[in-house]
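Asker: Per Swiss-Prot, the features are:
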ACT_SITE  747  active site, proton acceptor
DOMAIN    29-207  domain 'Eph LBD'
DOMAIN    325-435  domain 'Fibronectin type-III 1'
DOMAIN    436-532  domain 'Fibronectin type-III 2'
DOMAIN    622-883  domain 'Protein kinase'
DOMAIN    912-976  domain 'SAM'
CARBOHYD  232  N-linked glycosylation site
CARBOHYD  337  N-linked glycosylation site
CARBOHYD  391  N-linked glycosylation site
CARBOHYD  404  N-linked glycosylation site
CARBOHYD  493  N-linked glycosylation site
MOD_RES   597  phosphotyrosine
MOD_RES   603  phosphotyrosine
MOD_RES   702  phosphotyrosine
MOD_RES   780  phosphotyrosine
MOD_RES   938  phosphotyrosine
SIGNAL    1-20  signal peptide
TRANSMEM  542-565  transmembrane segment
């Protein structure tokens with residue numbers, strides 16, 4: 001007992017110092033039993049009674065606690081049991097037992113080596129109810145044997161320091177309503193400082209705005225999936241889930257909730273947006289301040305209300321400022337050309353805060369009293385359109401001549417229809433010029449005699465101005481207009497005398513205004529005898545029937561004669577009966593099965609040629625979207641063509657400008673007549689023409705990438721050599737087709753090649769194949785015409801000798817343009833210098849990185865003797881071989897192997913000729929690189945001469961094109977220093 005007392009006293013002193021190091025209990029542990037928290041005696045069952053003893057002590061807060069100890073180390077065969085009271089399981093599936101104890105080292109106790117132990121045993125028993133003091137050892141199941149990590153000795157007793165051990169054991173699963181714990185001593189000197197029994201749970205938490213309740217793990221083998229619920233004012237974006245582990249930890253968060261519109265995430269809640277702020281959509285976004293000209297007055301707003309006279313269009317996002325309609329357009333200017341007018345105006349001063357401004361044109365036809373106006377005829381045309389204009393100009397055509405019009409130009413934006421104020425428009429009134437009148441429709445015979453006839457007629461339906469007089473043209477029918485007489489009449493009647501008796505005369509009448517004569521009326525025939533009648537008019541159908549019957553009789557007679565002759569066996573030739581016959585029409589001999597180009601200029605009437613080779617389109621099937629440029633004859637527009645039962649396609653539309661001359665009309669229709677004869681994938685395709693309404697239009701397929709030269713300059717050094725050769729092959733194939741048809745283009749250049757989105761090149765611009773008067777690339781020759789000398793062969797420049805061989809020369813220039821990515825041939829040399837240099841045998845230099853085979857093809861195309869140039873058929877064959885053998889395109893001509901008769905390549909600029917880096921870069925058209933080189937170590941010409949491709953990348957020259965030009969120029973400098981300058 002003395003030993004017991006010493007242990008108790010020392011334990012009471014020691015627990016204080018050891019307990020202060022304890023950490024707080026984790027939040028995921030739920031205590032079922034904690035001996036330290038029990039007030040008063042624990043009341044556990046000790047068996048036998050002289051075994052475990054309950055003693056008192058204090059914790060680190062000097063709070064009394066009850067503990068048990070045993071130290072019967074002197075006696076053999078100890079079997080001392082200590083059982084706790086019945087502990088309810090609650091919701092636990094697995095429990096943990098935490099023991100805090102001290103244990104004495106047996107070696108520190110004399111004379112106990114055979115009886116002292118340094119372990120004790122832990123047991124448990126499940127039950128559905130409390131058994132009271134009843135205790136049966138065999139009902140308990142052993143959990144584990146507990147050993148101390150540290151034991152105390154006699155020296156520790158002297159220092160009054162005891163070493164506290166903590167052991168935790170896991171028990172489970174437990175299924176009954178409660179359980180007991182038991183401690184078996186078999187001869188140790190041990191003190192149970194505290195016993196804590198607990199289970200683990202995943203505590204309530206909020207994750208991704210989802211609440212997860214307290215969750216107890218089910219067993220030790222699997223995770224428990226828990227479905228979360230969204231916090232207030234939020235909704236599921238993805239179903240929120242987490243997994244509760246056996247250690248009471250939440251794992252693997254999946255899904256989330258997001259705050260509703262009008263609320264934002266603040267910590268673990270969704271908080272309403274305060275006044276002046278809004279949130280339009282559910283999600284993670286924060287509340288945003290109301291945009292200009294809008295506000296909110298309450299919490300939780302999903303959008304902001306616009307101020308008075310400000311609006312938000314249906315498709316405007318809530319983040320967009322409220323806007324208002326624009327003010328009226330300004331500075332309207334009209335430019336009248338006969339029966340058309342071009343209207344120009346300035347943008348409104350106030351756009352209302354929007355960019356989607358469009359303009360509508362309201363057309364009114366007014367009498368001479370301006371207040372009496374009515375809507376314009378639907379025949380009036382607006383180019384590009386009447387409504388929804390995005391540019392500040394429109395062309396109005398097909399107006400009536402000598403008529404008052406008022407045009408109101410509305411400025412409209414996306415909120416105009418929401419506003420109540422009146423329309424915002426600017427108005428301009430015009431009077432169209434007088435024009436030639438429409439034809440006289442009917443001529444009436446009033447009276448006649450043997451030598452005279454009196455005629456009358458009505459004023460033209462559309463006088464288009466003030467009628468000044470009428471021109472009466474007449475001739476004897478039998479003369480067939482070889483000899484005719486013209487007289488003028490002031491009014492709508494005339495008496496013609498001095499006629500031959502009993503003779504039929506043909507009459508035509510046309511009216512004249514200040515703008516000129518109108519079209520002649522149709523022909524009317526009258527006989528100057530008292531019984532004559534009009535062949536045109538009511539009796540015309542009788543005459544036509546009689547003529548038709550006579551023709552039929554003649555044809556029948558001829559056919560019968562031929563058949564009888566054949567039946568009788570008479571032959572005028574020995575040719576077989578199935579001999580192909582040749583047909584003559586329009587002055588051209590046509591061979592069956594052979595397609596040959598027909599020059600439309602040989603037709604007397606260009607309309608006849610265009611109708612023979614081109615399809616007439618209905619203007620209502622064409623929609624013009626926008627004007628994209630101006631051509632030789634008028635504007636060039638993009639638009640859409642929708643033919644019945646066919647898919648809508650994009651097209652390019654050329655219009656004939658208002659006030660055209662007859663020559664311009666012939667040339668315009670001539671271009672369509674030329675294109676209409678071609679059918680090849682590398683020739684621009686003609687969709688049709690519009691000639692029966694104004695404006696006259698040529699409609700072709702639409703090429704998205706525009707002209708080849710501009711396209712290549714825009715995409716400098718961005719294509720492989722194979723891609724470039726593919727483009728060149730397409731051009732050569734199209735030119736072979738033209739050459740086979742006997743057509744000479746005369747103006748083959750990269751600017752006249754169009755390229756579509758699939759990089760297919762097509763030859764175009766046939767309107768300049770005859771006349772090039774307006775071409776900026778043209779130069780005067782000795783014959784007085786204009787030709788594009790930079791692309792034209794020497795014989796064509798000197799003698800106007802255009803052939804397929806001269807087109808081959810031009811193709812060589814196009815080849816050079818393609819390989820140099822749209823460089824201007826001969827750069828800034830004057831046209832006269834170009835002619836002189838070519839005549840002296842100089843040729844364009846090798847483009848940078850150009851394969852040797854392609855440059856040789858260029859030189860072949862530039863043979864001075866046209867008979868030595870390749871045919872287009874040969875060019876196509878050469879390019880096909882190169883495409884099939886791409887390795888041959890990797891051979892680059894060295895500087896030493898180049899011909900000596902080359903012009904100086906201006907892409908390789910001599911650094912020595914410039915004083916500054918900027919001058920040198922300007923010379924290579926890489927001035928945009930000047931800022932990059934300014935201030936770096938390569939700011940002088942001497943240092944730049946040593947630069948490499950990697951160095952250029954470091955300073956910011958990352959585009960391949962400028963890199964190649966600079967490196968090529970440096971290499972040229974090295975070559976010139978070794979071999980001398982290249983001749984010019």
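Positions of Cβ are set from backbone N, Cα and C atoms, glycine also.
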Asker: Just name the most isolated of the glycosylation sites 232, 404, going by other Cβ atoms within 10 Å of its Cβ.
Answerer: 232
Asker: For the residue listed as 'active site, proton acceptor', just give me the three-state DSSP call.
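Answerer: Assignment for the residue listed as 'active site, proton acceptor' reads coil.
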Asker: Between residue 603 (phosphotyrosine) and residue 597 (phosphotyrosine), find the distance joining the two CA atoms and give it rounded to the nearest Å.
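Answerer: Cα to Cα, residue 603 (phosphotyrosine) and residue 597 (phosphotyrosine) are separated by 13 Å.
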Asker: With every protein chain in view, how many other Cβ atoms are within 10 Å of the Cβ of residue 747 (active site, proton acceptor)?
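Answerer: Other Cβ atoms within 10 Å of residue 747 (active site, proton acceptor): 24.
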Asker: Round to a whole number and give the Cα-to-Cα distance in Å for the pair residue 597 (phosphotyrosine) and residue 493 (N-linked glycosylation site).
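Answerer: Between the Cα atoms of residue 597 (phosphotyrosine) and residue 493 (N-linked glycosylation site), the distance comes to 50 Å.
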Asker: Whole-number Å distance between the CA of residue 493 (N-linked glycosylation site) and the CA of residue 702 (phosphotyrosine)?
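Answerer: If we compare the Cα positions of residue 493 (N-linked glycosylation site) and residue 702 (phosphotyrosine), the gap is 54 Å.
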Asker: Tell me which of the recorded positions 232, 337, 391, 702, 747 ends up closest to residue 404 (N-linked glycosylation site) in space, Cα to Cα.
Answerer: 337
Asker: Report the same-chain neighbours of residue 337 (N-linked glycosylation site): residues 6+ apart in sequence with Cβ closer than 8 Å to its Cβ, ordered by sequence.
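Answerer: In sequence order, the residues whose Cβ lies under 8 Å from that of residue 337 (N-linked glycosylation site) (at least 6 apart) are 433, 658, 659.
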Asker: Could you round the CA separation between residue 232 (N-linked glycosylation site) and residue 702 (phosphotyrosine) to a whole angstrom and send it over?
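Answerer: About 58 Å separate the Cα atoms of these two residues.
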Asker: Which of the listed modified residues (597, 603, 702) has the least company, meaning the fewest other Cβ atoms within 10 Å of its Cβ?
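Answerer: Ranked by other Cβ atoms within 10 Å, the modified residues 597, 603, 702 bottom out at 597.
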Asker: Treating G and I as helix alongside H, and B as strand alongside E, what does DSSP give for the domain 'Fibronectin type-III 1' (325-435) in helix, strand and coil?
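Answerer: The breakdown for the domain 'Fibronectin type-III 1' (325-435) reads 3 helix, 52 strand, 56 coil.
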